[in-house]
Amino acid sequence: MSAVTLMRSAVSQTSEGRSQRQIGERWVRALSLVAVTVATWMLCTLMGGTWMFLARDLHPHEALVEIAESMGGPISTAYIFLALFACVLLVPSLLGLLTQAARANLGGREEHLAALRLIGATAGEVRGMMILESLRQALVGLVLGSVLYVVTSPAWSLLTFQDKPVGAWEMLTWWVIPIAWIVVLVLAACSVWLALRRVAVTPLGVTKKIPPKGQNMITLVLSLVGAVVLYRYLSSLTIAPQADALEFGALLVVAGGVLTVNALIAVGVIQLLARLSYWVPGAANYVATRRVGRGAKTTWKRVTALYFVAFIGGVGAWISAVPDIEDEPALKMITGDIPSGVAITAVFAAVLLVSSTLLTQALSVVEQKQLTKSLYFIGAPAAFHTKVAVREVGVPMLVVALLGFGMGSLMGTIMVMVHVNVLDKVALFAALVAVALVGCVLAVVGTGRLREQVLMGMGRAND
């Protein structure tokens with residue numbers, strides 16, 4: 001019996017399969033398809049935009065040639081660095097969104113996998129079936145995302161960079177599409193394979209989850225030390241607009257290191273605050289703090305997008321505060337293009353935030369539906385689970401928003417080496433981050449309705 005036949009049989013003949021098709025899973029599948037579509041479009045656009053600046057560096061137009069002659073070196077390398085820096089800020093959230101979308105097919109389906117083993121499927125067949133199902137859905141999102149990339153490419157001609165309007169098809173680079181397809185398909189297959197390693201399904205139908213280990217305090221302390229060292233090293237660098245690729249590359253590596261240690265710090269702080277809150281009274285707080293304290297890495301995955309939005313807001317506040325410099329042609333060109341670059345990065349981050357928040361919250365409802373049902377049967381109403389979710393996700397969101405904006409502002413002070421009046425920009429971007437935070441918390445509250453639908457569709461065996 002093939003894996004596809006086993007899958008169809010299990011889904012069509014078990015009440016678990018019918019329940020998944022009717023409640024919760026439809027939302028998760030739809031949101032995962034949207035997530036893959038958005039991520040594919042964004043990945044192609046980021047690669048296409050970076051290649052556009054590289055092509056202009058290889059074949060400079062008249063304005064770039066004039067500035068290069070007056071400055072004694074090309075400045076187009078600075079644009080490539082800024083494009084890559086935007087990629088460094090966006091790609092972690094983008095890859096996280098793709099990973100969540102790939103694993104969406106596994107959400108709440110442990111009993112389904114066990115049923116497949118019971119009717120004759122081997123562990124390898126179950127694993128292969130879920131990987132194929134994930135790849136099938138990823139292919140649909142890849143097609144839609146690629147079409148969206150081609151259709152939206154001419155819209156970039158409304159913008160001007162380096163004193164030259166973007167060509168109607170300058171952002172369209174054909175080879176980025178197959179690269180995006182390879183990245184997404186490999187990531188989807190690897191994500192599902194790694195996720196299934198945490199679930200042991202036996203022929204008796206027993207599932208065993210291996211929760212991720214928490215982060216120890218040594219990692220948090222070392223991350224803090226590493227952050228101090230990297231920030232101090234970053235502040236010691238002085239790079240002119242006409243610097244070579246090696247200098248910009250070193251700066252990019254350091255920036256990536258800063259983001260990595262900042263992420264480790266955020267996970268450690270979330271875990272530490274959750275464990276310190278164990279003694280706060282209240283049943284909802286008891287459940288929420290235990291979940292976060294024992295699964296800080298899982299919580300981090302749910303709030304990563306907001307962290308990077310806040311980080312981008314902190315950096316963007318300082319970069320956008322740089323005034324137009326009329327004295328030097330190179331700085332005039334760069335400072336004139338900065339607002340457009342910051343706006344594009346912020347919009348991309350907001351799109352990733354919306355997609356990630358909706359998907360992760362819907363997926364959490366589906367994954368926890370058996371626990372939700374059990375607690376409901378012993379007297380915990382649906383509103384109780386909403387209170388738990390607000391504390392479990394909302395409080396970490398507040399923590400990462402503050403950490404992200406603070407760390408981003410610190411990097412902004414280092415990158416902007418001139419004195420600027422930044423208070424109004426900081427207030428503006430802080431308000432935007434606050435709006436994003438409120439929107440995310442409202443999305444968590446909104447999952448209460450989905451949770452109620454899950455409870456209404458799941459009764460006792462003899463009801």
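Using N, Cα and C of the backbone, Cβ positions are placed for all residues, glycine too.
Remember, it's a predicted structure, so these values are computed and weren't measured experimentally.
Look at TrEMBL and you will find 89-200 tagged as domain 'ABC3 transporter permease C-terminal'. According to TrEMBL, the feature transmembrane segment maps to 30-54, 78-99, 138-159, 171-196, 217-234, 246-270, 304-322, 342-366, 397-420, 426-450.
Looking just at the domain 'ABC3 transporter permease C-terminal' (89-200), the mean pLDDT is 82. Sequence-distant contacts of the transmembrane segment (304-322) (same chain, at least 6 residues past either end, Cβ-Cβ under 8 Å): 89-90, 92-93, 96-97, 259, 262-263, 266, 335, 338-339, 342, 345-346, 349-350, 352-353, 356-357, 397, 400-413, 415-416, 418, 420-422, 424-426, 428-430, 432-433, 436-437, 440. Within the chain carrying the transmembrane segment (342-366), a Cβ under 8 angstroms from the stretch's Cβ atoms is held by residues 20, 24-25, 27-28, 31-32, 34-35, 38-39, 42, 46, 86, 89-90, 93-94, 96-97, 100-101, 103-104, 107-108, 301-302, 304-306, 308-309, 312-313, 316, 319-320, 372, 389, 393, 432, 436, 439-440, 443-444, 446-447, 450-451, 454, all 6 or more beyond its ends. Touching of the transmembrane segment (78-99) and the transmembrane segment (217-234) is ruled out by the presence of fewer than three CB pairs under 8 A, sequence neighbours closer than 6 excluded. Counting only same-chain residues 6+ beyond the ends of the transmembrane segment (30-54), those with a CB under 8 A from a CB of the stretch are 76, 79-80, 83-84, 86-87, 90-91, 94, 97-98, 100-102, 104-105, 137-138, 140-142, 144-146, 148-149, 152-153, 156, 161, 166, 170-173, 176-177, 179-181, 183-184, 348, 351-352, 355-356, 358-359, 362-363. Each residue in the domain 'ABC3 transporter permease C-terminal' (89-200) gets a DSSP state, and the totals come to 85 helix, 6 strand, 21 coil.
Only residues 6 or more beyond the boundaries of the transmembrane segment (217-234), in the same chain, are considered here, and those with a CB under 8 A from a CB of the stretch are 251, 254-255, 257-258, 261-262, 264-265, 268-269, 272, 407, 410-411, 414-415.
Taking Cβ pairs closer than 8 Å, the transmembrane segment (138-159) reaches residues 32-41, 43-45, 48-49, 101-102, 165-172, 177, 180-181, 184-185, 188, 340 in its own chain, all 6 or more past its ends.
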